Structure formats: structure tokens, C-alpha cells
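K.L.:
This is the structure, below, for whatever I ask next.
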Amino acid sequence: MAGSSRIGFMAIAVAFHLVYILSIFDIYFVSPIVTGMKLFGVERPHESPKAPADRLVLFVGDGLRADKAFQAHPEPYPESDQDLVPRHLAPYLRSRVLEHGTFGVSHTRVPTESRPGHVALIAGLYEDVSAVATGWKMNPVNFDSVFNRSRHTWSWGSPDILPMFQHGAVPGRVDAFAYGAELEDFSKDATELDYWVFDHVKDFFAAAATNETLNTALREDKVVFFLHLLGLDTTGHSYRPYSKEYLHNIKVVDQGVKEIVELIERFYGDDRTAFVFTADHGMSDWGSHGDGHPNNTRTPLISWGSGVAAPELHPGSIAPGHDELSSDWNLDHVRRHDVAQADVAALMSYLIGTEFPANGVGQLPLNFLSASIKEKAEASLANAQVILEQYRVKEENKRNVELRYQPYGQLSDGNLDPESRISHIRSLIEAGSFEEAIEESDALMSIGLQGLRYLQTYDWLFLRALITIGYLGWMAYATTTVLSLYVVKESMSPQRTLLGSAFFLSLLVALYSSFIISKSPPAYYLYAFFPVLFWEEVYARRANVAKGFQALFGHVKSGGAVVALVFNVVLYLGVIQSLALAYIHREILTGLFVLGAFWPMTQGISFLRSHLFLSMLWFFSCLAMSTFTLLPAMKVEDIPLIMAGGGLMTFVGLAYLVLEDFILSDVSSSKTKLKRLHTSRTLLGIQVGLIILAMLVTHSSATSLQAKLGLPKGNQIVGWFVLVTSLLMPLAYRLQPNSHYMHRLAIIFLTCAPTFVILTISYEGLFYVAFSITLLSWVRLEYAVDAFTQEKAKKQATVAGSQQHTPSTFRPLSLSDARIALFFMVLLQSAFFSTGNIASISSFSLESVSRLIPVFDPFSQGALLILKIIIPFFLISANLGVLNKRLGVAPSAIFMVVLTASDVLTLYFFWVVKDEGSWLEIGSTITHFAIASFLCVFVAALEFVSAAFIAGIEVEDTKSAALTSASTKADEKVPPVAGAE
């Protein structure tokens, strides 16, 4: 098998994890969209054929939180003491709530991003979570929507939102007027985006006065106007939702809505227009969105105009619907009607009299309607028919591909089938039992939605079992490979039997046959292939497994040794479990670093005396690392902290320049030193200079952006120059190569330092320095411990005939190497979580990338974010590569052990994924699984990065090389104590 080699194993590891990451899409992210449904709308009597409204205007304040829309705040830009008195910043919208319409909170689902939010509002369905990846660029909404059902829709706003509804609708039905992407400049005043929309709407209606064709089209019924207002989202990202800029933007939106409403009412003069104001998602206090935090999922919903109910007032008392959220809105006497975001699409369809969107799952909010109880009953029935029609089509599709289909119980019995229920509701309406009909329709919608979920999750049990067996098989296979390559001295060939091969082949054929009959997706075949492959390989190499365990545990015979082994196993499993919990509670890493700081003390007083400085450096670097996970993960721009981090990087670089001869003196000849003074030191000085230049340009750019002066072009050019030049600097060292590992690590540190200055917004630069020092002290300390242990063992050895190992061979892995793998795992997790968490990564602050790319460009900005995230991982890979070489361990050995152990985390997160509960819990558990899976892939990639970083380095001084070549010990090369530091 290919996996029996190092390269083959890594290739299989990457392929397996990439394929199994896709399993999350086949389990949790299956698209709910089906085609072939009949359309349903409210059937109106011939004597009153008109819908409640002839036209509808939809305002979407992108990124507007519910609380900020209704709370009172001081004037954002006060000009007098009176302006400091809190007042409501959206008085016009507030007047709609108090006097003209119905209001509430629209609750979104995760991901709280623009595309999923607009799809829920306009199409009435919740796209699978993976749809967020398609929301940044034009991807048509290839399913039904309110716009598609309308006679015509005109829309104004962002080029990231409008085209996807235009291209996904019937050709010619939706007109989109979008500004250029260059206007989405995070360094400029984002209210210009909203002014652009309002001004172009005004120009549009003005043109209708002289354009007869346009005027005629505007006066048709079933017309929709969509105004997408992006200013609030852009301002929130740049300045946070509690900033004066965000609050001022609310005033701009409120005034603009007022002017557009008055314009439309003057143009038509018939009071036949309905208005809906809402948002696609909210905004966290840190200027981010994407996760399921309540600040992101709660958005305002205000509707007024033709067909909309007047406010339900309760003078002198607290009206129903209010809770702690709305306690400071001063709207306690007005009933609050909360809805799910998809319900808004059903509301809009009803108001203009179109069919409900075919894929809609929203439930019509009857409290928003100014209609008779009979009309509400008929509308509710039509709403239920939409959902049941989707169930019918989905069930038919599933029944056609399943050998033994099990229908959903509540919709399968003869007396309870959908057709019978609908007939019963119709009879209730005809009998005048409207309230009962509404209740039955609500119950039927609820059952229909449950049935849709049943079909959506029909294959979950089988897939979860298959994926679990696959991960267990991978871990067993990886363990077998590690034992064969790096523990067993003479690996045996696979021992396959005819019966065993027939069993595994029959199992694979049976699974594939079921997939063919069920018309399963192609990925299912790979999900089944890997576990069969892995377990067959483990079975074939069972002899190597037995020999490997004997080599590792054969010496554990005494009771004390068994107790020590059990204690270490429990301890290591506890640390791994702690790493899993650290995904949720970053503070756990603080505890692990504090515990790790005392590790040298476990080696005894003699070791501490010999390596006091190194032990103290490790102790204080661990304590420094422990502080970062106590700091806020969601950060705001802090220029002094950025400068402090850059200053520390500069200090480290200058210190190395001054002490370079002392650090490298044991491997360098006088001739080499002289050359280094003229070449290497010059390059080191340039790298330090780039850090200083990065600090200067970052300070200037950040100050200019904070003052809303935009990003100076010169700063942008210099910033890119520093970023690119610093990353290319290692190539210049080919002029005078220096193979000492300390010199190589110093180059890598200085190479990445300017990037961390330019792309940091707070304490990340300080973390970079502390993390680098921790890694270096870890490498030297592990080598010192290994040398100390081997020297001690050599003195106590009673067997003289030990097997010889030359410096050119790799020693086998031992149980003590599990500690190295465990430290590597902790450092790997801290590289990600010390400066952030899931939410801070998914919705990162724009201050850093706007210093290089001020205009909205998600892929380029995302690439810069990824660069910043992966730099600490590069540092880890380089240091582990050095450590492997110093210890005489094969380059891939520790990486492969970590790759195996990391999947304990992956499988744990797979098991705890939730599909019920709050959307924050659901989204977080899915994200945890995805990140754990990608980290496993990343570990495999880091092995090759490490090989590139440490190519040609020297890790031993001349004295230690001589000693090492003469040392002997069974199964291990014995490094000398001298040079351990």
C-alpha cells in the first residue's frame, strides 16, 4: 500500500481528511431546495380580486441591530448641551411603530451573513450553511423568490446582493441598479452608499414623469421596489455599532426612508403601497457578524401601509411580546410581534397578492395583516399548502431511491395524510370556523416542517456510523504505519489471507450496491472506501502492530512502571480533552501553559542546576503565553499595543545582531565570521529595518484611517513593499549561506515580523514574540532533557553490548516522544486560539487589511487574514523540524504521531455536533469540527514546510558531534549534555 512510505502516508492523510470534511456537507449542509412543486397563493373572490396592496417597498438596512434601531442615544455629533440628552435617532421609523403599522423583531439563523439573510427575507427559505461561501460574489439565487413571483421588481444597492436575485429570476423581471465596487471603501464615509441609493431612487421616479413606458410599468400591480442599504454594515465593521459613525448612519437611513416613502406616496397618491423595513443580520459589539450571537440574529422589522395592521396599543400597561431586549425602547405599550426571518417573504407575497415562493418555509405572520378572520384563515391554508407540497415532492424523490422507505409517521396514516387534512381545513372555513381553521393550518404547517426535517435528516444515522468507523479506521491505520516505520526495527510484510480479503471486498461491494440503488452522491463511495481500506490494512499488518506494542511497552513490567504508564496515559488524554474544551473556553490554554511552565522541575534538581537559564526562560515564556488567552478574543484597534509589539520584534532582532557571534561561535570559522559581518549582518540589518518601516507606515495608516482621511496612496504602496520584500528576504541569504539552526530560526522570525506588524490590530505582535521565544526554549529544553536522560541512562546501564547507532541513522520512537507530540499539539492549538476564537476569525476586524486594501475585496482581504493566521504555524513547523534533527528522530515521525492523535479531537467534535438548540450552539459545533479537520490536513502540510525550512541546517557543535559518534545505547542515539543549550 502507498501509505507504507512517508510520502504515501501524508498523501493519504490529506486525501482522507479533505474527503471526510465533505461529510459535514452531506449530513448537515444538504440543500433544502427541490423543484417540481405546484404554486399556491391566496384565492380571492371575484367580487374583490385585488390584493391588499398594489406594490411593496422593501428597505433592508444591512447590518442593523434591533436594539440600536429602537434605543435612545445622544446626538452622535453634538453641537450643544441639549444634544447630549438621549433621543431616538430614527424618529420616522419610530412613528410608523407608534401610529401606522406593526413592529417586532425578526430572528435570523446562522450564518448571519448577507446572502443567507437576503435569501431568507426574499425567498423564504434558509439556505444550507455552506451558502455563505457563495455570498461574496455573484451566484444566482436559482430558486423561487418574491421578486420572481412579482410582475416586476426594481432594486438599488450593492453589487454583491442585487445581481444574484436578478440573474436567478425570470429574464427581464428584475432590474438591478448597483454602484461600483470601488465605492465600498472602508476608509471612507459609508453613508455615501446609502445616499447613492436614495438619490438614484429619486432620479428613477423623476424619469417616470417623462418616460411613458416606465410610468405605465410602475403603475401595474404586484410591483416590488427593493432598497439595499449597505452603509450600516460597512460602518459597523469599521467603527463598531456603538460608535458615533454607526449611530449617525441610523439617522441617515431614517431620513432617507422618510423621503422615499413621501416620494412614492406623492407619485401614486392612492394609498395602495405597503412598506417593510428590516435587516439581513445584526452586528456584534466588535463590528462582526456571522455567528449566532443574539446581537447578530435579532433585527428590526417594521411594516406599514396598505394591508398592514395598525399598532396594537395597551395604554398604561406592558403590551404582550416584550422582554428584556426591548425594556429600554420606550415601546412597552405597543405590542411586539416577533417573527422568523423567512416569515417576511410570506408576508410580502400576501401583501401584493402573488403566489408564495415555491421553496418558502416561512409562516405568514397573521398579526401583521389588516384582514378579516376569514381572509386570514384562507391565507394560512395557502401557506400550509406550500409547505406540504414541498414535503410531497421530497418524499416522492426519497421513496424512489430507497429500498425500504420509512415515511414520516404523522403524515402517513390514512386519516392524517396531507390531502385529508387540507380538506378538513377547507370544510372548517366553509362552515365559518375560522379560528379553528387557522389553528389546524398552523398545526399542519408545524407537522409539514417536521416532515421536511425528517426527510432532510433521513440518512443521518447511517452516515454518522460510517464516518465514525472511518475515523477510527484512520487512527488505527495511522498507528500501524507509525509502528511499522518508526518503532519496529524490521517491519514484516503484510499478511493477507483469502478469507480476510474476501470479507473486506464483500463488505465494500455490499455498500456500493446500496449506494447505486439509492442513487447516492459520489462522495458516499469514498466515505465507504476509506474505512474498508484502513481496516483491511490494519488486519494485514497485525504482526507489526504486535511487535510495535512489544517494543514500546515490553519494558513495562513492574507494578510501579504500570502505574506510571497509566498515569501518563490518563494525563495525556486529559490534556487532549482540555484542548477540545479550549475551542469553547480559551482560558483552558492558560491553565495548560501554567502547568507546562513547571515541566523542567520534573527532571530533578540536578537538571535544573545544569540548565537554570534555559529552565527560567521556558518558565517565564510559558507564563507570558498564558496571559493571551485571558485577553479578549474580539479586539479593537490599539495603536500603542501594535507599536509595543513591533518594538519588541525590533529589540529581538537587534539583540541577535549584537550577540550573533556569541550564539554561533561554536560552529563558525574565522573566515566565515568575517564574511558574515559583511553579508549576513547586512541582510539581518535590512530585516530589522523593515520592521521599523512597517511600524512607521502602520502608525501613519492607522492614524489616517481613524481620522477618516482615507488611506494615503503612498502608505499603501510602502505597506505592500514592506510586506512583499520581507517575505522574499530569505532568498537573499543564498549570497552567504549560514547553516546554523539558530541563524535559520532568526531569519524566519525576522521574515514574518513585518507582516505581523502591518496586519495586527492589538496584542498579536506581543503574542508573536512570546510564541517565538517559547518555541525556541522548547526546542532547546527538549534536547537538553533528552541528552540529560540518555547520559543518566548510560551511566546506569549494566548491559555493555548495546547496539550501535551512527549519527546518520534515525533512532526509533520511544514512549518519551509522546510528550513532544503532546507539546506540539498544545502549541498548535495556541497558535490559533491565543489571539482569537471562532467568531473573531469568521468575522475578522477590517482595520488591519484596510491598511493594504481599503476597498471591499473579500477574497484578497481573506487571503491576508489567512497569511496572518498561518505564520505561527510556520514557526511551529520550523522549530519542530529543528528538534527532530537534534534528537535524531526521522523528519516525519512526530508529525505522524500528532496527525494520529489530533483526530481524537476531530472525532470528538464530530460526535458533539448539534442539529438542535440555539443557532449559536449548532453553528459553533459544526465550525469546531471543520477547524479540527483542517488542522489535521494542515499538520500534514506543515511536515513539508518544515522540511523546506530546515533543509541543510546544522544542529550540533563540533564537540557534540564527536561525542555523539562515539556514544552507544540500545535503540537510541545518545546526544551529549554539552551543547544542550
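Each residue, glycine too, has its Cβ placed from N, Cα and C.
Small disclaimer: the values here were computed from a predicted structure and weren't measured.
According to Swiss-Prot:
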type	residues	note
TOPO_DOM	1-6	topological domain 'Cytoplasmic'
TRANSMEM	7-27	transmembrane segment
CARBOHYD	Asn148	N-linked glycosylation site
CARBOHYD	Asn211	N-linked glycosylation site
CARBOHYD	Asn295	N-linked glycosylation site
TRANSMEM	465-485	transmembrane segment
TOPO_DOM	486-496	topological domain 'Cytoplasmic'
TRANSMEM	520-540	transmembrane segment
TOPO_DOM	541-560	topological domain 'Cytoplasmic'
TRANSMEM	561-581	transmembrane segment
TOPO_DOM	582-587	topological domain 'Lumenal'
TRANSMEM	588-608	transmembrane segment
TRANSMEM	612-632	transmembrane segment
TOPO_DOM	633-638	topological domain 'Lumenal'
TRANSMEM	639-659	transmembrane segment
TOPO_DOM	660-681	topological domain 'Cytoplasmic'
TRANSMEM	682-702	transmembrane segment
TRANSMEM	709-729	transmembrane segment
TOPO_DOM	730-744	topological domain 'Cytoplasmic'
TRANSMEM	745-767	transmembrane segment
TOPO_DOM	768-819	topological domain 'Lumenal'
TRANSMEM	820-840	transmembrane segment
TOPO_DOM	841-862	topological domain 'Cytoplasmic'
TOPO_DOM	884-892	topological domain 'Lumenal'
TOPO_DOM	914-929	topological domain 'Cytoplasmic'
TRANSMEM	930-950	transmembrane segment
TOPO_DOM	951-981	topological domain 'Lumenal'
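What's the neighbourhood like for these features in this structure?
P.N.:
Sequence-distant contacts of the transmembrane segment (7-27) (same chain, six or more residues past either end, CB-CB distance under 8 Å): 1, 128, 130, 459-460, 463-464, 467, 470-471, 474, 478, 481, 485, 521, 523-524, 526-527, 530, 892, 896, 899, 913, 926, 929-930, 933-934, 936-937, 940-941, 943-944.
Here the Cβ of Asn148 (N-linked glycosylation site) has 21 other Cβ atoms within 10 Å, regardless of which shown protein chain they belong to.
When Cβ atoms from all protein chains are considered, those within 10 Å of Asn211 (N-linked glycosylation site) total 13, not counting its own.
In sequence order, Arg65, Asp67, Pro241, Gly282, Met283, Ser284, Asp285 are the residues of the chain that are 6 or more apart from Asn295 (N-linked glycosylation site) and have a CB within less than 8 Å of its CB.
Long-range contacts of the transmembrane segment (465-485) within the same chain, counting only residues at least 6 positions beyond its ends with a Cβ under 8 Å from a Cβ of the stretch, are 3-4, 6, 9, 13, 16, 20, 23, 27, 491, 527-528, 530-531, 533-535, 537-538, 541, 544-545, 547-549, 551-552, 813, 890, 892-893, 896-897, 899-900, 903-904, 906-907, 910-911.
Same-chain residues lying 6 or more positions outside the topological domain 'Cytoplasmic' (486-496) and placing a CB less than 8 Å from one of its CB atoms are 1, 537, 540-544, 547-548, 551-552, 810, 812-813, 889-890, 893, 896, 971.
In the predicted model, the topological domain 'Cytoplasmic' (541-560) has a mean pLDDT of 86.
When Cβ-Cβ distances below 8 Å are used as the criterion, the transmembrane segment (561-581) is approached by residues 553, 555, 588, 591-592, 815, 818, 822, 825-826, 829, 901, 904-905, 908-909 of the same chain, each at least six residues removed from its ends.
Through the fold, the transmembrane segment (588-608) approaches residues 575, 578-579, 581-582, 614-615, 618-619, 622-623, 625-627, 629-630, 781, 784-785, 788-789, 823, 826, 829-830, 833-834 of its own chain, all at least 6 residues removed from its boundaries and within a Cβ separation under 8 Å.
If you look at the transmembrane segment (612-632), the same-chain residues 6 or more away from its ends with a CB under 8 A from one of its CBs are 582, 586-591, 593-594, 596-601, 763, 766-767, 770-771, 773-774, 777-778, 780-781, 784, 830, 833-835, 980-981.
Residue counts for the topological domain 'Lumenal' (633-638) under DSSP, split into helix (H, G, I), strand (E, B) and coil, are 0 helix, 0 strand, 6 coil.
For the transmembrane segment (639-659), same-chain residues at least 6 beyond its ends with a Cβ under 8 Å from one of its own Cβ atoms are 681, 684-685, 687-688, 691-692, 694-695, 698-699, 702-703, 746, 749-750, 753, 756-757, 760-769, 772.
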K.L.:
Give the distance between the Cα atoms of Asn148 (N-linked glycosylation site) and Asn211 (N-linked glycosylation site), rounded to the nearest whole Å.
P.N.:
25
K.L.:
Taking 3+ C-beta pairs under 8 angstroms (sequence gap of 6 or more) as contact, is the transmembrane segment (682-702) in contact with the transmembrane segment (930-950)?
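P.N.:
Contact between the transmembrane segment (682-702) and the transmembrane segment (930-950): absent.
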K.L.:
Would you list the DSSP helix, strand and coil counts for the residues of the topological domain 'Cytoplasmic' (541-560)?
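P.N.:
Helix, strand, coil within the topological domain 'Cytoplasmic' (541-560): 14 helix, 0 strand, 6 coil.
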K.L.:
Which bits of the chain, at least 6 residues beyond where the transmembrane segment (820-840) starts or stops, bring a Cβ under 8 A of a Cβ in it?
P.N.:
284, 286, 288, 290-291, 293, 572, 575-576, 579, 582-583, 586, 589, 592-593, 596, 625, 628-629, 633-635, 763-764, 767, 771, 774-775, 778, 782, 869, 872-873, 875-876, 880, 883, 887, 894, 897-898, 901-902, 924, 927-928, 931, 935, 939
K.L.:
When you scan the chain for residues with a C-beta under 8 Å from the topological domain 'Lumenal' (582-587), skipping those not six or more beyond its ends, what do you find?
P.N.:
629-630, 633, 829, 833-834, 837-838, 909, 924, 928, 931-932
K.L.:
Taking helix as H, G and I and strand as E and B in DSSP, count the residues of the topological domain 'Cytoplasmic' (486-496) in helix, strand and coil.
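P.N.:
The topological domain 'Cytoplasmic' (486-496) comes out at 1 helix, 0 strand, 10 coil.
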K.L.:
Secondary structure at Asn148 (N-linked glycosylation site) (DSSP, helix/strand/coil)?
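P.N.:
In the DSSP reduction, Asn148 (N-linked glycosylation site) maps to helix.
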